[in-house]
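Per TrEMBL, the feature active site, acyl-ester intermediate maps to S71. Residues or ranges marked as active site, proton acceptor in TrEMBL: K74. If you look up TrEMBL, you'll see K249 marked as substrate binding site. As annotated by TrEMBL, domain 'Peptidase S11 D-alanyl-D-alanine carboxypeptidase A N-terminal' applies to 35-251. Look at TrEMBL and you will find 1-36 tagged as signal peptide.
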Amino acid sequence: MITGIKGGRIRRAAAAVITAGAVLSTGALTAAPAQAVTKPTITAKGGYVMNNGTGKSLYTKAADTKLSTGSTTKIMTAKVVLSQSNLNLDAKVTVQKAYSDYIVDNNYASSAHLIVGDKVTVRQLLYGLMLPSGCDAAYALADKFGSGSTRAARVKSFLSKMNSTAKSLGMTNTHFDSFDGIGHGSNYSTPRDLTKLASSAMKSSTFRTVVKTKSTKQKATTKSGGYRYYNWDNTNPLLGTYTGTIGVKTGSGPRPSSAWSSPPPATARRSSGRSSPRRRSPTARRTRRSC
């Protein structure tokens with residue numbers, strides 16, 4: 001696992017991820033026996049490399065530095081949903097106006113472009129959450145799996161589940177105050193903690209299937225009883241371009257920062273600077289702020 005925090009362009013951040021991932025895929029951080037061992041260098045402000053099989057730390061650089069998580073927050077959103085007892089992934093959720101209003105109210109945050117009144121499954125919402133980084137999908141999941149008589153109460157309950165899950169995973173330097181990465185001043189994690197989260201999330205076969213998907217076409221029921229298709233592309237540019245990449249999540253936030261989480265072994269990466277590149281669905285509207 002690798003986690004990093006950097007300044008500068010995300011393109012350099014991606015290079016750092018690729019370098020670290022390539023090293024991990026060989027199973028060692030050492031050079032050939034006849035060569036001197038050279039410590040890897042990254043442009044990130046912080047980083048963390050872990051053998052996902054043994055849990056052994058292989059490389060650290062400011063691994064416990066707290067910074068905004070951006071959309072890697074959505075890994076925890078998915079983790080909480082997939083941890084629900086008796087989860088029915090095919091259960092239908094009706095898209096509420098509040099979800100689309102949330103996108104607009106947050107300066108057109110990244111969206112799955114869910115249409116009010118449509119009925120989508122929990123499984124489809126997970127794709128909408130993790131591929132186009134839909135903040136509307138995140139809201140829908142928090143509303144669905146939180147407890148309470150009001151939407152605000154359900155969201156609060158869901159956030160409590162996110163934080164209790166973080167605690168159970170030993171993420172001692174992490175706190176979530178949003179379900180999607182649009183934080184309110186107290187949404188942060190560290191390279192080491194994000195690595196723990198990615199490692200845990202990747203134990204779910206459903207999660208692994210979703211995050212390794214480059215694009216998907218999902219059929220949903222409309223309010224009138226008809227149907228429409230949602231086309232979602234994964235924001236992770238390493239899928240299909242860097243051998244061995246099977247996830248997990250790119251992300252950015254309202255502050256100039258970006259996040260990356262990608263195995264194998266499961267890799268978490270965060271950076272400050274420019275937002276990570278995104279592939280936009282042909283039907284997607286222009287977004288001015290991603291999360």
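Any Cβ shown, glycine's included, is placed from N, Cα and C.
Counting every protein chain shown, the number of other Cβ atoms lying within 10 Å of the Cβ of the residue listed as 'active site, acyl-ester intermediate' is 32. Confidence annotation: the domain 'Peptidase S11 D-alanyl-D-alanine carboxypeptidase A N-terminal' (35-251) carries a mean pLDDT of 94 in the model.
Between the CA atoms of the residue listed as 'active site, acyl-ester intermediate' and the residue listed as 'substrate binding site' there is a gap of 8 Å.
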